[in-house]
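Engineer: Input: one structure, supplied below.
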Amino acid sequence: MGNDAPTAVADRPPAPPAGTPPARRPRIAPIRVVFVVSILLLLYFVAFPLAGMLVQSLRDGEGGFGLDGYLQFVTDERLLSATWNTLLVSAATGIGSVLIATPLAFGVARTNMWGKRLVRLAVIICFASPPFLMTLAYIFIAGPNAGYLNVFLRWLFSSTATEGPVDIFSLGGFVLLALPNTVALVFIIMLPGFANMDSSQEEASRIAGAGPLETIRRVSLPSMYSGMMAGGLLSFSNALAMFATPQILGIDVLTVSMRRSILTDGDFRLAATIAAVSAVLSMSVLFLYRRSIRAGAKFQTITGKGMRVGLIDLGRGRHLFGAIGLLYVLLGALVPYTLMVAISFLRIPTDGFTLSNLTLDNYAFVLGDEVIQLALVNSLVLGVSAATVIAVLGFLLAFIITRTELRGRAFLDYLTVIPVGIAGTAFAVGVIVSNLETPARALGLYATLSILLVAYIGRYIPFGVRTAQVALLQVSRDLSEASRVTGASQLRTLWHITLPLVKGGIIYAWILGFVQAFAEISASAILSGPTTQVAATALLGLWQGTDGLQRASALGVVMFLLTLILVAAAQRLSGQGVVPNSPSSRKEST
């Protein structure tokens with residue numbers, strides 16, 4: 001026992017020197033907290049409603065679960081026809097958008113094409129205005145009976161027919177009406193990449209003897225393959241989720257079938273089943289997209305080396321690019337929106353544009369109605385709030401997906417794109433179920449603006465993520481790795497190195513989010529109440545009421561002007577435009 005005491009003393013750890021601070025517990029890196037919060041928010045905004053929607057689709061009529069809804073879907077010829085129409089229109093819209101937007105974006109950013117400012121203006125107009133406004137305008141232009149274009153063509157060819165030859169109430173008409181908005185979407189997504197592209201490789205190609213068009217085909221376009229795929233994906237999914245345009249045209253697609261199941265048949269299970277099918281279609285497109293950009297490094301055009309951005313002289317080809325731009329300006333912006341503005345000043349649209357038929361009563365009604373005033377304020381609040389969350393959260397999620405080795409980031413990538421392929425009506429059902437039939441009902445969001453905000457963020461977070469991804473794919477990892485080598489933390493590197501380089505992409509994400517949220521109609525039609533009306537539902541109500549076309553056109557003009565003001569304010573505060581200038585914008589022609 002006499003030997004135990006010395007042994008015990010010897011086994012004790014040596015006492016720390018005097019003045020030594022006590023050992024601290026390992027700190028959690030701030031960047032990990034940011035990542036965890038971002039993922040949890042994504043799960044709440046997207047996965048939670050999707051799970052509610054899926055559960056609803058699997059319910060049977062007796063409170064249990066089954067596949068009755070899916071069996072009903074695959075045996076319903078009308079739903080199968082609607083599925084085919086949806087796929088056809090979405091594919092045509094996605095392909096057409098990329099084919100039109102790519103030369104326009106490249107021409108504006110990197111060439112001396114004619115008419116750059118006109119193209120920029122047309123893109124802003126087409127993107128800032130809801131697609132259903134263009135639908136209303138083109139019904140007057142290309143309606144089969146009294147459409148101005150058809151009346152003119154019948155007169156020109158001395159036809160005795162009372163209809164046609166152009167019919168806007170068709171699948172082709174749907175595609176044509178969807179294209180101006182989706183072309184603007186792809187244009188806005190691709191333009192930052194073209195504007196930041198290093199021109200040294202293009203110069204090397206021209207020195208080697210390649211002409212301007214061959215250089216564009218072999219060097220410029222391949223470096224933007226990820227941008228084209230991202231734009232095509234979002235265009236496909238955007239067309240997949242369109243509701244107002246096919247509803248007005250009377251075309252049966254999945255979104256129209258979904259709305260009919262909810263409002264006419266009262267079948268929430270079938271509506272949720274249709275939404276699940278839409279989600280599968282959207283995920284299939286994303287799978288192809290991910291496979292096509294797996295080698296993401298080949299798209300990097302911003303590195304730690306010096307970079308030059310210059311213009312390509314197209315020679316006579318500048319007029320070809322200019323002609324494409326002019327056609328888009330005329331058909332996508334000038335003609336339909338000039339007509340919409342003109343109709344907003346008419347007493348009776350069918351009486352023509354005479355002095356006695358002009359009036360300001362439509363604007364007086366729109367601006368003086370308390371319900372419409374509240375709806376506009378609600379839309380502004382929701383648009384700004386949703387856009388801010390979409391831009392910030394979208395960037396963080398895009399960084400996690402593209403710049404970390406986090407397990408499950410591929411799942412996050414799939415999760416962030418699913419909502420854009422789901423109609424707002426279906427997503428609204430998921431939001432309602434997840435916030436009423438779970439403990440989340442304690443938040444008290446139902447019948448408030450907050451539940452609309454949740455739906456808007458969940459629906460449009462893909463725009464923030466995809467836009468940020470395209471920007472991040474162009475920034476070499478060498479820059480952030482060099483910062484880490486100098487001792488900077490990952491959060492400091494993210495804030496001081498990565499963020500400034502992709503600031504333009506984040507601004508684009510904010511603009512995308514605001515424009516989409518401000519004019520949202522399908523989810524709003526389900527979630528809004530008497531005190532939570534928004535501008536789009538108020539406009540639809542005007543369209544269905546007395547003097548509907550004139551008053552709806554007036555409200556559409558007001559919505560468009562408000563959107564332009566907010567977008568202009570955003571670009572002024574950020575120091576960047578909605579459509580960035582080319583390297584020699586001061587010399588560009590109009």
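In case you wondered, yes, glycine gets a Cβ from its N, Cα and C as well.
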Engineer: With the ranges 87-109, 524-546 to choose from, which does TrEMBL describe as transmembrane segment?
Structural biologist: 87-109
Engineer: Counting Cβ pairs under 8 Å that sit 6 or more residues apart, are there three or more between the transmembrane segment (121-148) and the transmembrane segment (227-248)?
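Structural biologist: Contact between the transmembrane segment (227-248) and the transmembrane segment (121-148): present, because at least 3 Cβ pairs are under 8 Å.
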Engineer: Top stretch among 33-55, 168-191, 227-248, 554-573 for CB pairs under 8 A with the transmembrane segment (440-458)?
Structural biologist: 33-55
Engineer: Under 8 Å, at least 3 Cβ pairs, sequence separation 6 or more: does that hold for the transmembrane segment (227-248) versus the transmembrane segment (87-109)?
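Structural biologist: With 3 or more qualifying Cβ pairs, these stretches touch.
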Engineer: Any chance the transmembrane segment (320-346) and the transmembrane segment (168-191) are in contact, meaning at least three CB pairs closer than 8 A with a sequence separation of 6+?
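Structural biologist: Answer yes: the transmembrane segment (320-346) meets the transmembrane segment (168-191) with 3 or more Cβ pairs below 8 Å.
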Engineer: The transmembrane segment (87-109) and the transmembrane segment (168-191): do they have three or more Cβ pairs under 8 Å, with pairs 6 or more apart in sequence?
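Structural biologist: Output yes: the transmembrane segment (168-191) sits against the transmembrane segment (87-109).
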Engineer: Hey, which bits of the same chain come close to the transmembrane segment (33-55), Cβ under 8 Å, at least six residues off its ends?
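Structural biologist: Same-chain contacts beyond the flanks: 272, 275-276, 279, 393, 396-397, 400, 404, 406, 412, 415-416, 418-419, 422, 426-427, 429-434, 437-438, 440, 454-455, 457-458, 461, 491.
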